[in-house]
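One structure below.
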Amino acid sequence: MNEYTDTIVAQATPPGRGGVGIIRVSGPKAKEVALAVAGRELKTRYAEYLPFKNEDGSALDQGIALFFKGPNSFTGEDVLELQGHGGPVLMDMMIRRILKLEGIRPARPGEFSERAFMNDKLDLAQAEAIADLIDASSEEAAKSAFRSLQGAFSTKVNELVEAVIHLRIYVEAAIDFPEEEIDFLSDGKVSNDLHGIIDNLEAVRREANQGSIIREGMKVVIAGRPNAGKSSLLNALSGKDSAIVTDIAGTTRDVLREHIHIDGMPLHIIDTAGLREASNEVERIGIERAWEEIQQADRVLFMVDGTTTNDTDPKDIWPDFIERLPESMGLTVIRNKVELTGEAAGICHVNNPPLIRLSARTGEGIDSLREHLKDCMGFSGTTEGGFMARRRHLEALEQAAQHLEIGKEQLEGFMAGEILAEELRLAQQHLSEITGEFTSDDLLGRIFTSFCIGK
């Protein structure tokens, strides 16, 4: 158990007015704070309604006090929670009262969760899940984050780590005891176990990718010439009149944003100004901002007015626009206004990039676009039993997979046990980064400072 010499305090509830405000204290002097503020020693894990006292003995507030004796607390230390009225002035008065006591300081962002991690009350993936649960923007995200907090992700990672460790032991035994008559590397066990680990890791990666999509979402930019129907498409996808729609070209001058969910997948939709030669300074700024958003998009919906051209290849429709796009940019061509052209709505899988015919005005073909966007992100829509994952988790899983593949190649091609053992060690190291078993102090600092103060 990690020992901290100082005691920290912070408001655990959001700042602002509220019916209830909670102040959390953690550290070796939490019991002294309880004695000073409550005026008496508190029973462990027992809610007591009493006045909260100032240093002169007068009452500042009244409410519920809870004391948790370490290590049986969230942080693993002595913890005091004071639940009073949630006025911002009152909360500030209470915290200033506590800070006057010797050895108490304000908590850093995420420091309560950091202490819980350092005291082995939860691992790093679970600690991150606390922040993800608080920030969840949908029911699916909240459920996935809670499953991660309960250890669903960590359990899968730990199972992989254990499997890698056992295989390392077997391989290194073969290297260290070459005089044994059994050829450990060629008896099939190592190869079978390695393939099993690789398959299990790939399954975890697929689940983690779904969890990352639920957390991060997809940034989709609608771009094209003026009056192609971009704002109408934004309204159709969001289900409300987010953007003004007129027959006047250039109505949209600035970037418009909407956040929606498709079967639990967050979608950040951005409508941009029509791209053309600017006729004035305001339009020029709008077009510049449009290109800034396009450069940062996960996918661009290239909006085309179907009544102006029969072409379906974007290079034929607008070569200058396509040439300016990043090579790796995901692109979908949207032929709008099928209600006027008479074309059948839906997706055409023959084209590259994909082509979707729809009517942003009537909504025909919008469901095909929604399904297409899910497919583009590899989102299955099945979140039952899944967990939340972050970008760093995906990177660690990818690194581990790469090392296992290298080890497999060395084993199958050269029977190189020493190299396989090293690749297994590196794979184990990357997997352990997810739960914090092997993590740099710098990474821990970046993770916990992104938390709320009081968490």
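Even glycines carry a Cβ here, placed using N, Cα and C.
Annotated features in Swiss-Prot:
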BINDING   ARG24, GLU81, LYS121, LYS455  (6S)-5-formyl-5,6,7,8-tetrahydrofolate binding site
BINDING   ASN227, THR246, ILE248, THR251  K(+) binding site
BINDING   227-232, 246-252, 271-274, 359-361  GTP binding site
BINDING   SER231, THR252  Mg(2+) binding site
DOMAIN    217-378  domain 'TrmE-type G'
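Overlay of Swiss-Prot annotations on the structure.
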| residue | record | DSSP (3 states) |
| --- | --- | --- |
| ARG24 | (6S)-5-formyl-5,6,7,8-tetrahydrofolate binding site | strand |
| GLU81 | (6S)-5-formyl-5,6,7,8-tetrahydrofolate binding site | strand |
| LYS121 | (6S)-5-formyl-5,6,7,8-tetrahydrofolate binding site | coil |
| ASN227 | K(+) binding site | coil |
| ALA273 | GTP binding site | coil |
| ALA360 | GTP binding site | coil |
Task: Most Cβ neighbours inside 10 Å, all chains, among the binding-site residues ARG24, LYS121, LYS230 - done: LYS230
Task: Per-region confidence, the domain 'TrmE-type G' (217-378) (mean pLDDT, whole number) - done: 88
- [ ] Would you mind reading off the Cα separation of GLU81 ((6S)-5-formyl-5,6,7,8-tetrahydrofolate binding site) from SER231 (Mg(2+) binding site), to the nearest angstrom?
- [x] 50
Open item on the list: In whole Å, how far does the CA atom of SER231 (Mg(2+) binding site) lie from that of ARG24 ((6S)-5-formyl-5,6,7,8-tetrahydrofolate binding site)?
Closed with: 47
- [ ] Sorry to bug you, but what's the C-alpha spacing from LYS230 (GTP binding site) to LYS121 ((6S)-5-formyl-5,6,7,8-tetrahydrofolate binding site), rounded to the closest Å?
- [x] 50
- [ ] Select the most exposed residue of ASN227, SER231, where exposure means the fewest other Cβ atoms within 10 Å, treating these as the binding-site residues.
- [x] ASN227
Open item on the list: For the C-alpha pair, I'd like the distance in angstrom between ALA273 (GTP binding site) and ASN227 (K(+) binding site), rounded off.
Closed with: 10
